[in-house]
Structures are given as C-alpha cells and as structure tokens.
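Asks: Okay, here's the structure, questions in a sec.
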Amino acid sequence: MASHDSVIRADDGPEVVTAEEITGDAAPHIPAEDGPATTKKPRNAFTELMSTKPKPKAVTENTNKGKTAAQPSSFKSKHFDARDGLGIYIEHPQNNPEGRVIDYDDDFVVIQDKYPKASVHLLLLPRDPKLYFQHPLEILSTNTTFLAKLKPRVERLKTLAAAELRRQYGLLSASDSPYQSALETLMSSPDPPSASERDAFLPSGRDWSREIIAGVHTHPSMNHLHVHVLSRDMHSPWMKHKKHYLSFTTSFLVGLEDFPLEEDSARLHPGDWPNWDMRCWRCGKDFGNKFAKLKTHLDEEFETWKRE
C-alpha cells in the first residue's frame with residue numbers, strides 16, 4: 001500500500017447505535033417498526049439480518065476505472081446522512097480528509113477512527129463499491145473470497161497498531177524494558193541497522209500484539225462496510241457512555257477469527273445488548289449499569305496495564 005502522512009442493524013430486538021451516539025451528544029435512536037410482510041418465505045438468518053440495511057446510494061459509471069462508484073456529489077448534498085461519513089475516505093483518500101488517512105491502495109483505505117474508543121483505533125475500509133453497503137456479518141460469512149483477502153490485511157494492520165502501542169507506552173512498560181534498552185544501545189552504535197533489519201538484533205520484549213483486537217459490529221454505526229482494529233485498553237475521551245463500552249468489550253463485536261459464521265449462529269442475534277452489565281475488560285469486575293464508576297476504574301486499570 002502507498003504510505004501517506006498522518007498516523008447495529010441485525011435482529012428483531014436491539015436498537016441501532018446511531019452516528020450521533022458515537023459522540024455521546026444524542027439520545028438513542030429507536031428504529032421504526034417494520035411494516036406488514038407482503039410475502040411468506042422460509043426463515044433465513046442472513047436474509048433477516050439484511051432486512052433493515054440502508055438502501056445503496058445512486059451509482060455512476062467511472063470511465064477512468066471501468067467500475068461503478070457512488071457519486072462524490074452525494075457526500076456534499078444538503079441531505080447528507082451522517083451514517084455515510086466514511087464514504088469520503090473511501091472515494092477520495094488521496095485528499096487525506098481531515099488528516100485521518102494512514103494508508104490506501106486500490107482495494108482498501110486505512111484511517112484513524114474519528115471518535116477513537118482506545119489508545120489506538122483504526123478502521124479498514126474496502127473500496128469496492130459492491131461492498132459498500134453489505135452487512136459485515138453476512139458478507140464475511142458468505143463471501144469466502146473476500147474474507148480470505150481481508151484477513152491478511154487485518155493481520156498487517158494489527159501489527160501496525162501493536163507497533164504504535166509500543167511507540168506510545170514502550171518506555172513505561174516493565175516487560176518491554178529489555179527491548180527498549182537494547183534498542184537504545186543499537187541505535188547509538190556507529191552503524192545502526194535499518195528499521196526492517198532491526199528486530200533481528202533485539203529481544204522480543206512485551207508482546208503488544210496481544211493487546212490488539214479486530215472485528216465488526218453486529219449493528220454497525222456507519223453505513224459503509226468497515227473493520228475495527230483497536231487496542232483493548234478502552235482508554236479515550238470518546239468513551240462516553242455504556243453503549244460505547246459494551247460495543248467493544250462483548251460479543252457485540254464479532255472478531256475476524258470467528259468468521260465465517262454459521263447461518264444459525266447465535267452471534268446474529270445478540271439480544272438486548274444495551275442492557276447487559278458492564279465488566280472490566282482487564283479484571284472482570286462487574287459494574288452493572290454504573291458507567292461513571294466503570295470509567296474511574298478503567299483509568300486506574302489503564303495506568304497499571306501500560307506499565308506491565
């Protein structure tokens with residue numbers, strides 16, 4: 001990929017997390033009740049999953065690439081839907097909107113999440129217009145070709161996220177001390193190795209990759225298909241309410257390693273997830289519905305975690 005400078009809609013019960021809720025500035029959105037069914041068909045889990053997905057945007061022929069793409073003008077319309085906010089990064093990554101684009105090629109764009117829920121929070125966005133409005137649980141369970149293409153990209157991104165964690169907290173981490181000391185000595189030598197050769201001369205230190213999670217939401221908050229890759233510390237000023245926390249620390253987030261899902265998988269129907277109890281991701285302590293107490297506890301756990 002060419003490097004660039006700057007580094008929930010499934011079952012019958014739960015409500016969807018809206019784009020506005022990401023910032024904590026809006027009340028929960030309750031979707032309208034479905035209208036009466038016009039036909040009687042055999043029950044299919046993935047079909048039901050897709051029954052409330054957004055309608056695809058209008059497309060136009062792109063003569064330069066020979067493929068269809070959503071019209072750029074749709075992102076400037078006065079009727080712009082905040083849930084379509086990822087589209088501009090997918091269609092115009094070369095412009096580096098808001099300085100959030102980390103990397104891109106013809107197939108994918110990597111951006112920093114605008115409202116990160118952890119120290120490191122990245123999004124991987126497929127650029128194929130046919131994938132834009134696919135529900136993640138369906139496409140990753142039925143399109144094995146795309147899943148096989150996606151997984152190595154996610155693994156590379158997890159490596160990048162782990163390296164960023166080391167950059168932020170490596171000097172504070174006791175278990176990373178051997179690596180950090182050896183790195184300092186190595187880089188002070190008269191002829192230090194290049195970055196690509198460096199690891200061969202260094203002890204492993206802390207395994208920061210264990211601190212990275214990757215997956216998709218059962219009810220995505222944004223319309224365009226995207227994969228979350230983030231650190232598990234849940235330390236961020238944008239972690240503002242219970243839904244934020246539950247959406248990244250429970251089965252509401254389906255890990256890439258769990259795909260493909262079976263058609264009758266319970267993961268397609270998480271139930272009344274906004275009412276689940278909140279448990280600390282690190283120690284397992286149950287905070288029930290007390291988000292303020294959890295936040296204080298998370299700050300304490302964060303200080304201990306980064307110094308491990």
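Numbering starts at 1 and runs along the chain as displayed.
Cβ coordinates are placed from backbone N, Cα and C, and glycine is handled just like the others.
Under the heading compositional bias 'Basic and acidic residues', TrEMBL lists 1-12. According to TrEMBL, the region 'Disordered' annotation covers 1-74. Residues or ranges marked as compositional bias 'Polar residues' in TrEMBL: 60-74. The annotation domain 'Aprataxin C2HE/C2H2/C2HC zinc finger' is assigned in TrEMBL to 249-303.
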Asks: What are the DSSP helix, strand and coil residue counts for the domain 'Aprataxin C2HE/C2H2/C2HC zinc finger' (249-303)?
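Replies: Counting residues per DSSP class in the domain 'Aprataxin C2HE/C2H2/C2HC zinc finger' (249-303), I get 23 helix, 5 strand, 27 coil.
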Asks: Average the pLDDT scores across the domain 'Aprataxin C2HE/C2H2/C2HC zinc finger' (249-303) and report the rounded value.
Replies: 95
